[in-house]
Structures are given as C-alpha cells and as structure tokens.
Amino acid sequence: MAMDTAAVDTQNQGPTILALCWILVMIPGLVLGLRIWCKTALSNRGFSGFGLDDMIVLLAWSLHLVYTVLITKAVKLGVIGRHAAAIENPEHIPEALKLVYISFVILILGCVFSKTSFAFTLLRIVTKKWMKALLWFIIITMNAIMWLCAVSYLAQCTPTAALWNTKVAATAKCWPTNVFEDIALVAGAYSGCMDFILALLPWLIIWKLEMKKREKIGIALAMSMGVFAAITSFIKTSKLVNVAMVQDFTYFCSSIAIWASAETGFTIFAASIPALRILIIRIRSSYQESEGNEGTYPLSSKSGIETTQEVTVERGTSEERNMERDTEEFHEAHEAHEGR
C-alpha cells in the first residue's frame, strides 16, 4: 500500500503535457507561417493571395495557441497531470480545472475552424456540383455538431462554476453524466469521419487536372495528410469513454489534453503543407543553379593543341519549367473556379 501511495505521489504527467502541447502548436505554426509567406510573397500575388481559408486557419491556430497557454497555466499550478491525492495545494484545483474547461472549449472551436479552412480550400478548386454540395454539407454539419459540443461542455451545469468548484456543485443543477459524454463521442467520431472524407476528395479533384501523373500523386498525397488528423480524432474520442465516471480527473485528463492538441495540430499542418509546393520548387531550382547551369569543356583546335572554351550548357531547366508549368496549371484550376 505504501508503494502504491509513493507511486501516486511521484507520477506527474505535467512535463509531458507541456512538451507535447507546445511542439504540437509551434510546428504547425511554423508551417502555417510558411504557407502564408508562399501564398503572398513567393507567389508574387501579395495579400490578394490571402484567402478566406487562410484567415480561418490562422484563427484556428490562434485558438490553438490560447489553448496551449491556458493548459500551461493549469499545469504550472501543480494540478493538471497529477493525481488528486498528490496535489500539494488543493486550493488551486478549482482555478486549474476552470482553465482546463475553458481551454477545451477554445480548442474545440479551433479544431473545427481548421477543418473548415481545408474544406474552403477544396471549394476553391472543385467544379462538380455534387462535390460542392458535399463540402457545404460537411462544413455546415461539422460546425453545428462541434459548436453544440462546445456549448454543451459549459452548459451541462447551472451555474457553470459547478464544473470546477465542488462547493458550488453541491447545490447546482447538472445534466445526467452520460448526456455530455454521448454528445462528445458523437462529435469526435463525426469529426474523424469528415477528416477521412476531406482527405480522399483531393484524389478525385486533382486526378482530372492536366498535369503529369507524378505531380498529381505528389499534390494529392500532400492534400491527404488530414488522414492523420482523423486517426488522432478517433484516439482522442476513445479517451472520452466513461470520462464522466472518472474520479481522478486531474490526472486522467492528461491524455485528452495531448490528443486534443494533436488533432488540431495535425489538421493545421495538413491544411498548410500543399501551399509549400511553390517553396519546394524554388529550393530545387536554386539547388540546380548552384550546381551550375554553365559548364566549361575542353575543345581541340585544328592544330591538335587542346584549348579551353566556355560552352553554355543549360542543365535542369527543362524539369524546372515543367514544374513551374504544372504549378501554373494547378493555380489556373483554382482561378478558373474562383472566376465562376
């Protein structure tokens, strides 16, 4: 029994939560920054290249950052990540739990905004009516379900403070414990399924563009990375089973905090990767130029004496032109749809 108590006292998921959550917000943030740079500076379109999908995903990342800051504060209070019996300052529990509840609501919205952003990106290039209808269906239903989940999370008790303050909970009116759990499970499962659909649609869209097969596969794979967001969504949802019955919530919520952050982080990352194609082309072009587009070769004179003459040899420019042409065709598909 003493060993069990000692184990409880030393178990602390706080450092793990902080490390993973900050990685999961900063790496997608870096990729998002590159996305915006590519679409504005590298594309030579300025802020005219900054679309609605970019604004929405930037909002999603901002909410993800706020979530991470709040979770960090809750961990720093010495509450989240620790077993309830091992918390040194129990008076900090209400404040920490309040931060967790608010941060989870913020992240739910950030998560749905990140998925909505990618759906809007696809709307810019689809031409078939059934695809447009499907994307709008996904946008509307996913937002409705996720917003319902966010509102229900705080509305399950009146007053709301009963969620994090046991003194208030004694006289509060709350829903049956399984109600919000069912809403959260449905929302998580639905969100994951929509991620899979959004990851598959690019193959149907891009495969019909007039581009080389290799380029089609590359772009489609880049736009299908949302499948990882779907996987994390299902894992996070599995952690919510029987969450209402958990007594040691300050420790149990550690995995939920991490997987929820992973879902949003992967979605933002996946939504931003395709826009980096123009950067990859520029880097590859610069590398080819550094290898040298001009070569010096020895030539023999009529007298048989070997002389040296500068001979211009263009290397790699054919492939570069092909990649630039494919990029232009891909953007033309976007612009053709936007002009409709």
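The first residue you see is number 1, and the count goes up from there.
Including glycine, each Cβ sits where the backbone N, Cα and C put it.
A TrEMBL annotation is a machine prediction, not a hand-curated record.
In TrEMBL this protein carries:
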- 298-311: compositional bias 'Polar residues' (COMPBIAS)
- 312-340: compositional bias 'Basic and acidic residues' (COMPBIAS)
- 34-280: domain 'Rhodopsin' (DOMAIN)
- 290-340: region 'Disordered' (REGION)
- 17-38: transmembrane segment (TRANSMEM)
- 50-70: transmembrane segment (TRANSMEM)
- 99-122: transmembrane segment (TRANSMEM)
- 134-155: transmembrane segment (TRANSMEM)
- 183-205: transmembrane segment (TRANSMEM)
- 217-236: transmembrane segment (TRANSMEM)
- 256-280: transmembrane segment (TRANSMEM)
Restricted to the domain 'Rhodopsin' (34-280), the mean pLDDT of the model is 90
Near the transmembrane segment (183-205) in space but 6 or more residues beyond its ends, with Cβ under 8 Å, are 108, 111-112, 115, 118-119, 122, 125-126, 131, 134-135, 138, 141-142, 145-146, 148-149, 152-153, 219-220, 223-227, 229-231, 233-234, 236-237, 240-241, 243, 263, 267, 270
Let me check one thing: do the transmembrane segment (50-70) and the transmembrane segment (217-236) come into contact, meaning three or more Cβ pairs under 8 Å with sequence separation of at least 6? no
Sort out the residues at least 6 away from either end of the transmembrane segment (17-38), same chain, that have Cβ-Cβ distances under 8 Å to it, and list them. 50, 54, 57-58, 61, 64-65, 67-68, 71-72, 75, 80-81, 254, 257-258, 261-262, 264-266, 268-269, 272-273, 275-276, 278-279
Beyond the flanks of the transmembrane segment (134-155) by at least 6 residues, Cβ under 8 Å: 101, 104-105, 108-109, 111-112, 115-116, 119-120, 122-123, 126, 163, 179-180, 183-184, 186-187, 190-191, 194, 197-198, 201
